[in-house]
Every structure is written in structure tokens, then in C-alpha cells.
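Trainee: Below you will find the structure I want to go over with you.
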Amino acid sequence: MKLVVGLGNPGKEYNNTRHNMGFRVIDEIAKRLEVYKWKERNGALYFDTYLDLNHVLFLKPQRYINLSGEVMIDFIRYLDIKLEDVLVISDDLDLPIGTMKLKEKGSSGGHNGLKNIEQNLGTNEYKRIKIGISNDKSIDTKDYVLGKLTKEEKKKIDPIIEKAADAVLESFHTPFNELMSKYNVKIKN
């Protein structure tokens, strides 16, 4: 079984905030797969399906983002999922808005949701897709990530959400290092 986890904060007040990029990618995949019925279990919304002969569970933790690892580890243990079959999608302040980066492992980069995942997994060696949201240093970080996307930001983010969904769906039949080569493209100024 494969597990794809999109990070975000639950509740309508957090829709379209910079911190909810993971939720947006999972929602885009659900739309493409015509999933309209979600299941609930232990603090998460999820759906599962078969893609390219893989049983895949798509998960949106419903606790605040900094507790995502607690929800995720419950599913990993209950379903006996191997770490190599886990993919996490999050926002990233250090990446320019309108970009994304696929990584096979790495630090949390100060992201509290990723920190909690690493604490619960006991490792930082899991695949991830990071969606760039930039960093407006003139605004408190918490206020910035919990702030709504502007129209200009949304124009840059929407195509990246679609590309991230493409990358996730391709990950079930394409080696991750090939996906990294394909999707980790530098922006030309």
C-alpha cells in the first residue's frame, strides 16, 4: 500500500491559505479521480483507490498542521506501510512562489508539520513534494503562512498545484529520481 499525505489545517477558515498547499494537491487529485465520498478515521479525512496496480491511500490530517505526524504514524502502523511508500506534500517558505521541489529526504526546513512527522517517524528519510509560497519577511511567519493567497499568488500557485498532482500520479509508475529530474526545474529570471 502507498500513502500520500497532504499537509494543511482543517476548517473553512484555512481554505486558500499558504499553509494548505498539501490539502490543495490532494483535493486536485480527488477531483481528477472523481472522488466525492471521503472516509474519516482517527483524525483524518481520506480516500483510497487503485492506481497502476497500487493500492493508494490519500490522506488529509484533520488536526492542526503541527500535529500531522501523529495522524500519519497511526495510518502507517495500522496499515503496515513502508516508509519508501510514503509521500508527503507541504508548503515551503524557502521556495519562490509558483515553484515546487521533489526530495527523497531532508530537513524540515523549520516547517512544524514536517518536524512533527520526523519526530513520529524517527527519521527524515521520506519522499516529499514542497510547494513554494515564498517568504514575506515583513510579516510575522505565522501570520504569513496562515494568510490567504492574493489573486496574484493564486495565479502562480494554481498551475503548480496541477503539476504537483501530476507528479503524485506519475509516482506510482515512474521512479522518484526521474520525477525529481522532470519536475525540479529552476525558474529563469
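Cβ from N, Cα, C; glycine included.
Where the annotation comes from TrEMBL, it is an automatic prediction and has not been curated.
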Trainee: Given that TrEMBL annotates Tyr64, Asn66, Asn112 as binding tRNA, state which candidate in Tyr14, Tyr144 belongs to that site as well.
Mentor: Tyr14
Trainee: Sorry to bug you, but what's the C-alpha spacing from Asn9 (site 'Discriminates between blocked and unblocked aminoacyl-tRNA') to Tyr64 (tRNA binding site), rounded to the closest Å?
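Mentor: Between the alpha carbons of Tyr64 (tRNA binding site) and Asn9 (site 'Discriminates between blocked and unblocked aminoacyl-tRNA') there are 5 Å.
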Trainee: Quick one: pull the CA-CA distance for His19 (active site, proton acceptor) versus Asn9 (site 'Discriminates between blocked and unblocked aminoacyl-tRNA'), whole Å only.
Mentor: 7
